[in-house]
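Structure, as C-alpha cells:
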Amino acid sequence: MKTPKMNVESFNLDHTKVKAPYVRVADRKKGVNGDVIVKYDVRFKQPNQDHMDMPSLHSLEHLVAEIIRNHANYVVDWSPMGCQTGFYLTVLNHDNYTEVLEVLEKTMQDVLKATEVPASNEKQCGWAANHTLEGAKNLARAFLDKRAEWSEVGV
C-alpha cells in the first residue's frame, strides 16, 4: 500500500533508506519578493536505530545556535528534531550547499573548543539543569569524524 503524500516534507522521506550522518536540503521556499528560505536536514543519528540523549542534544543546540552565527549571517534558525536524531538548519537567501557544509564544519570545530554551554542558566534557558558540555562535544566530534559522508544521504 502506498503511503499518502503528507504536508510535512520529512514525513515523506523514507527514513529506512537514509544513512546518517548526512546533510540534505529538506525544503526550499521562495517568497513573493524573491527571498529564498532553505531548510537543511542535518542528521546526526541513524533514524529508528539511535538517537541523541536530551542533555547532549540540548547543549549542542545552544552551542551551534550561538556559534554558527559567527560564521554565517544568513542563518535563521538551528532547531532540534523531536525524534532526537538531528537538527534543522534554516537559512535565508543563501543556496550554496558546499558553503553550508563548510560553515557546519567550522561550527563543530568551534564546539570542540568551547569551555561552556552558552545561555545554560535559568534566566536564558527553559531547562537550564539539562545540559552537558562533554556530551555536546562528543556529538560534534562523532559528526566531524564522518565529514566525508555528509553529502551521502542514501535515498
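Using N, Cα and C of the backbone, Cβ positions are placed for all residues, glycine too.
Annotation comment: Swiss-Prot describes HIS58, HIS62, CYS125 as Fe cation binding site.
Those same-chain residues not listed among HIS58, HIS62, CYS125 yet with C-beta within 8 angstroms of the centroid of the Fe cation site C-beta atoms are SER59, GLU61, VAL117, ALA119, SER120, TRP127, ALA128, ASN130, HIS131. In the three-state DSSP scheme, HIS62 (Fe cation binding site) falls into the helix class.
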